[in-house]
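Chemist: TrEMBL feature annotations, pasted as is:
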type     : residues : note
DOMAIN   : 21-171   : domain 'MARVEL'
TRANSMEM : 27-49    : transmembrane segment
TRANSMEM : 69-92    : transmembrane segment
TRANSMEM : 104-128  : transmembrane segment
TRANSMEM : 148-168  : transmembrane segment
REGION   : 200-221  : region 'Disordered'
COMPBIAS : 212-221  : compositional bias 'Low complexity'
Amino acid sequence: MDIGGAYGGGKAGGAFDPIAFVQRPTVILRAVCWLFAIIVFGCISSEGWREEANGKEYCIINRDGNACNYAVGIGVIAFLASMGFIAGEYLFEQMSSVKTRKHYVLADLGFSAFWSFLFFIGFCYLTNQWGKADDPPNDEGVNNVQASIVFSFFSIFTWAGCAYFAFLRFKAGVDPSFSSTYESDPSAAQQYAAYPASNDNDQFQEAPFSGQQQQQQQQRG
């Protein structure tokens, strides 16, 4: 991972290279998180519920509706967050404020670490409940539930990897040579520009009306 001038990024205003962008480890890892999230919540949403004769639905994971809802919930939020962080990676190089970059990196670190923990809890929870569940009729939905559990396990490490990259950015901090013209206060520059430039020859210029005063004195004399 390249460490740039401020929290892993260079100065703002540079040209955007789409090929280099999609090849970034952070972007690739976010895309993997996005794909795993689709599998986690998509498998449960499509085959995780069954309808009884009375028309009431139940979760095939040991008839525990919380298990299905938990998998769908963390998966959907992970899906949306992955897209948000991919957009954040694009905007990161455009952030001229060092404080804004720091806040983004801290948010990335905190959220990624927390979601890695939630996927760990989800994997343990789903595995435990699925081990107690009865086999569904005709084994319908078995592959989907197993896929959701497996990719919940994989998501632990992908989100932990995102947290690790965010930690590297935070640890890199700000390079002393890094300075952004966008960080300066433009109002200060305007104030200095409002004053006209001084001219050394101005102090040798004759004061106004001094020539007329000398002529009047000569006439009186």
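Yeah, the Cβs are placed from backbone N, Cα and C, and that goes for glycine too.
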Chemist: State, in range form, which of 27-49, 104-128, 148-168 has the highest count of Cβ pairs under 8 Å to the transmembrane segment (69-92).
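Modeler: Of the candidates 27-49, 104-128, 148-168, 27-49 scores highest.
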Chemist: What is the pLDDT of the domain 'MARVEL' (21-171) when averaged and given as a whole number?
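Modeler: A mean pLDDT of 92 is what the model gives the domain 'MARVEL' (21-171).
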